[in-house]
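What TrEMBL lists as transmembrane segment is 20-39, 59-84, 129-148, 193-222.
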Amino acid sequence: MLVGLLKAIGQLSDPRFRGLVWRALAISVVTFAGLWALAWWGIDAGGDSLAAWLGAESWWGWAVEILVALGGLAGVLVASFLIFPAVMGLTQQFYLEDAAARVEARHYPDLPPAEGQPILEGVKDGVDLALATIVVNVIALPIYLLLFPPLNVFVFYGVNGYLLGREYFEVVAVRRLHRSRVRALRRAYQGRVVAAGVVIAVLMTLPVVNLLAPVIAAAFMVHVVERIRRRAGAPAVRAA
């Protein structure tokens, strides 16, 4: 697995692969800028309404606006940390296929062309991952807050490692295999898939590194899928 991760990072020497990183970065910036603007608008409106209800001329109103702004800022930062993997899952359709193709061309030139995944199916997978990640993390948030470090960290990466490993494995593997075969392989190699997901989750929560993580994660999972596919003796393309 470490070899696959190092190969994925080494892929950054490919100019066309770096172009995909810039594409993913631009998508991330635009997406989060929109989410932050929407969140700040809601915080500002909520603070004004609460201050007006308490009395705009009183010192309470001023204090409440500041407290709401500070609390809202903290909430936005925490939420951004929690939903970053979800947002990346939602936008993966814009770069995953190209990233996988670049990795295969460099490291697995013997492979026949992949059939790929239909666009609508890929979008659905991205939406499913985003919703699952958000819902599960919201449900698990009290656990993250109540447990002491490092237990809450282990729980966070365990939960998100499972979700990210499952989804990334399926969206990469389904390019070559029927979904039923993909799910059977995922269940048979569950430990390896979850471990790969934990690696991806860690990459996506490290400052600066997380800007490169979406494309590196896709490349890394190609290596994981290929190792599992070859070990299981699965075909390189879908059977007719």
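Glycine is no exception: its Cβ is also placed from the backbone N, Cα and C atoms.
TrEMBL labels come from automatic prediction, so no person has curated them.
Remote same-chain partners of the transmembrane segment (129-148), defined as residues 6 or more beyond its termini with a Cβ less than 8 Å from a stretch Cβ, comprise 82-83, 85-87, 89-90, 92, 155-156, 159-160, 163-164, 167. Sequence-remote contacts of a segment are chain residues at least 6 beyond its ends whose Cβ falls under 8 Å from one of its Cβ atoms, and for the transmembrane segment (193-222) they are 1, 4-5, 7-9, 11-12, 17, 20-21, 24-25, 28, 81, 84-85, 88, 91-92, 95-96, 99-100, 102-104, 156-158, 160-166, 168-169, 172, 186, 228.
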